[in-house]
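Take a look at the structure below.
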Amino acid sequence: MNNVIINEIQRFSFDNSNVRGERVLLNDAYQEIIKRKEYPLSLEKLLGEFVAAIALLRDIIKIDGVLSIQAKGHGFLSTLMMECDENQNLRGIAQWDDSEVVPEEISLKEVLEGGYLAITIQPRNGQRYQGIVEISGDTLAECLEQYFSQSEQLPSRVWLAANGTQCGGLFLQRLPAEQAKEGDEDAWERLIHLTSTVKEDELLGLETGELLHRLYHEEEVRLYDTKVMQFGCSCSRQRTFDAVMSLGAEEVRELLIEQGSVKVDCQFCAEIYEFTEEDLIDSLGDQAQTH
Ligand SMILES: [Zn+2]
């Protein structure tokens with residue numbers, strides 16, 4: 001396989017039809033996410049599909065804020081969470097029962113038994129919106145397709161792949177009738193058919209221009225600007241401090257007595273925040289007075 005290192009998402013459209021698309025291929029951002037824990041390869045692959053998925057969603061649902069996908073279930077995987085902000089900063093994590101043997105090939109439905117997918121849109125200023133999809137399909141791509149048909153009511157198709165090194169995805173959406181272009185009734189079916197021939201090593205190994213040429217060489221494809229995506233964590237000392245204080249003055253005092261200081265490590269980026277008695281004492285005093 002070619003080893004192109006790309007951390008980008010790129011939008012495209014077809015000149016003679018009302019179909020738009022997105023292609024994402026990520027390397028570094030994906031690596032940064034999976035290296036935080038000792039994930040088994042099959043989980044790394046599943047995480048990679050979520051990384052590609054959140055990147056696609058980020059570019060499709062344009063909001064000034066944070067977008068997240070959270071999968072929860074009762075299988076050996078309890079939570080898988082991926083998020084992306086308006087500056088294309090990605091972070092994510094999975095929690096699983098490490099007393100169980102993780103199979104080499106895993107299906108979303110199996111690992112999250114009876115679970116669901118929550119897609120949350122949290123604008124910087126405005127109301128939070130959450131869409132829930134039951135995990136009934138075997139793959140994340142199927143679940144996302146279901147999400148799009150529920151939330152946007154536009155026919156959409158998703159292709160995702162990950163191999164522990166790269167993760168990538170393709171997205172096609174048929175735009176509403178008022179934006180339809182004349183003379184190409186069969187375009188949607190034809191483009192799905194063409195895209196369905198994509199192989200994993202093409203999705204993960206080819207630059208976008210080359211991939212699209214290979215898939216759609218008889219179509220008029222228009223490519224738009226690329227956006228770079230990177231790993232980025234939104235944790236901060238102030239936020240961690242607020243989280244510590246939310247435990248309550250009594251609990252924080254106990255921690256100080258037991259451990260000498262309060263240490264919190266961010267699960268997403270492994271940054272360690274340490275608060276000494278001196279850092280905390282003023283706020284503890286305030287809290288004590290209000291209680
Ligand atoms: Zn962090």
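Here the Cβ of each residue, glycine as well, is placed from N, Cα and C on the backbone.
Checking CYS167, CYS266 against TrEMBL, the residue bonded to CYS269 by a disulphide is CYS266. Sequence-distant contacts (6 or more apart, same chain, Cβ under 8 Å) of CYS235 (disulfide bond) comprise CYS266, PHE268, CYS269, GLU271, TYR273.
The Cβ neighbour count for CYS269 (disulfide bond), using a 10 Å radius and every protein chain shown, is 16.
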